[in-house]
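J.: Below is a structure I'd like to ask you about.
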Amino acid sequence: MSKLLILLLLSLVASIFSTPLDDYVNAPDDTYKWTLNNTIEYETFTGYILELTSQTWMAEKSDWPVWKHWVSICVPKGVTTTTTFIYVDGGSNDNWKVPGSMDQTIEIVCLSSGSVSVGLTQIPNQPIIFNNDGVQRFEDDLVAYTWRQFLGNTSEPLWLARLPMTKAVVKCMDAVQEFGKTIGYNSENFVIAGASKRGWTTWLAGVVDPRIIAIVPIVMPILNMIPNMGHQFYAYGEWSFALNDYTGQGVMDYLNGPQMVELAAIVDPFSYRDRYTMPIYAIASSDDEFFLPDSPQFFWNNLTATPEKHLRIVPNAEHSLMGHQIDIILSIVTFVRLLITNQPRPTFTWDITYSEDLNSGTIVLTVPEGGIIPYKVKVWTAVTESTTRRDFRIITCMDITKCIQFIIWDPSDITPTSTGVYSITLSKPDAGWRAFFLEAEYLYAKNSIDDEYTLKFTSEVAIVPNTLPFGSCSEYNACGDGSQGDSASSTATL
């Protein structure tokens with residue numbers, strides 16, 4: 001068979017299995033360009049600031065169609081690896097000016113990992129006014145609005161903001177590679193990380209570009225999004241305040257409808273699970289106001305194409321991970337160092353089982369024979385403050401002065417029951433629900449930033465009793481199938 005015929009067949013197969021996300025990301029865009037706007041010399045690294053124009057999106061319906069980003073590149077002295085780390089971040093289009101310094105996160109990763117490290121900002125570009133409605137939309141308000149536009153007319157997938165957000169990451173990689181050639185550095189491949197909406201973008205970037213060899217999605221355990229989102233109502237009897245932008249746009253009126261299935265086919269990373277053939281280090285928070293601590297149950301075991309996957313639940317942390325940033329950064333640094341030096345990463349499996357009456361649960365963590373034994377293993381446990389809601393959130397409403405729950409996750413060291421096997425069984429509390437998970441910590445060489453490099457992986461979360469206090473959102477008219485219009489309420493009648 002000729003090479004030309006093989007290429008044609010491969011192209012045909014790719015087109016058959018492509019989605020609107022693939023099509024948008026791969027579409028040529030003459031808007032793309034970059035310029036070097038600043039060079040900053042430091043003793044241990046050189047910083048470069050690029051102004052990147054990634055694309056034009058929704059030109060006829062947006063007041064900000066041309067997307068621009070600041071790209072900060074940290075090149076450590078004597079860099080030897082050709083793997084580049086990119087952290088996808090947010091930002092605002094307002095007060096557009098050249099950054100005068102490197103982002104601290106990028107600097108830490110750069111110096112601690114020894115790799116070229118990049119900060120990509122303005123994902124998404126914001127604020128944006130759509131359809132001349134005069135409303136400046138940021139973050140979830142922006143994303144929810146674009147969802148609602150698509151749900152109302154699924155023939156227009158370009159409305160979905162996740163498409164340009166993902167393409168911006170791809171164009172950032174293009175710019176970094178092109179710029180690297182001007183300074184004698186070759187970025188062959190990339191590790192991508194990002195949090196929240198940028199975490200979702202990290203998931204999707206990993207499936208559209210083969211240059212990405214590992215991803216670190218942070219506080220975005222959204223995969224299998226339809227049942228994952230619906231699970232929240234079973235636990236709370238209402239939608240979390242964190243979803244106000246989505247309920248306000250009437251998105252939940254489509255949760256069980258064919259339109260949401262079409263949306264998920266484009267933007268739900270679960271739809272692309274067979275493409276996750278690279279290492280994944282997924283980081284989530286125990287008290288997230290967007291997600292539940294057991295959200296990974298909806299997708300983790302289904303990532304069967306992934307050769308290496310690691311989960312970390314951060315205890316006593318809400319969605320912003322306030323107070324935990326340095327610990328998380330250093331854990332990511334260790335993961336990146338092990339990747340770029342081709343060293344083995346720790347692995348283990350876990351199994352969660354419940355008693356017949358669902359009132360007690362057991363987690364067994366097993367290190368494979370010959371595997372790396374953790375420095376220590378802890379069990380983290382917490383009990384809900386509410387006795388009617390299975391609710392582990394720290395913050396339960398927009399006004400945090402009125403709705404703080406004192407959910408405290410307590411650690412206890414546990415010893416192995418045999419070599420590399422750790423087991424814990426806990427029972428339900430006198431009232432409410434108890435959640436628990438196992439955390440394995442690994443210790444590596446010292447560095448100039450911290451005493452040691454630490455790497456933390458965890459099991460999923462078990463909750464006892466293994467029961468949910470409410471029915472589905474549809475039972476309470478809090479979601480719909482897309483046929484009744486924007487009419488659903490947001491709260492169960494208690």
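Just so it is clear, glycine is given a Cβ too, placed from its N, Cα and C backbone atoms.
Sharing the feature lines straight out of Swiss-Prot:
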SIGNAL    1-18  signal peptide
CARBOHYD  Asn37  N-linked glycosylation site
CARBOHYD  Asn153  N-linked glycosylation site
CARBOHYD  Asn302  N-linked glycosylation site
J.: Pick the one among the glycosylation sites Asn37, Asn153, Asn302 whose Cβ has the fewest other Cβ atoms within 10 Å in this structure.
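T.: If we count Cβ atoms within 10 Å for the glycosylation sites Asn37, Asn153, Asn302, the smallest count is at Asn153.
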J.: Could you tell me which three-state DSSP class Asn153 (N-linked glycosylation site) falls into?
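T.: The three-state answer is coil.
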J.: Any idea what the Cα distance is from Asn37 (N-linked glycosylation site) over to Asn302 (N-linked glycosylation site), rounded to a whole Å?
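T.: Per the Cα atoms, Asn37 (N-linked glycosylation site) and Asn302 (N-linked glycosylation site) stand 44 Å apart.
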J.: Write down the Cα-Cα distance for Asn153 (N-linked glycosylation site) and Asn302 (N-linked glycosylation site), rounded and given in Å.
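T.: Given the Cα positions, Asn302 (N-linked glycosylation site) is 30 Å from Asn153 (N-linked glycosylation site).
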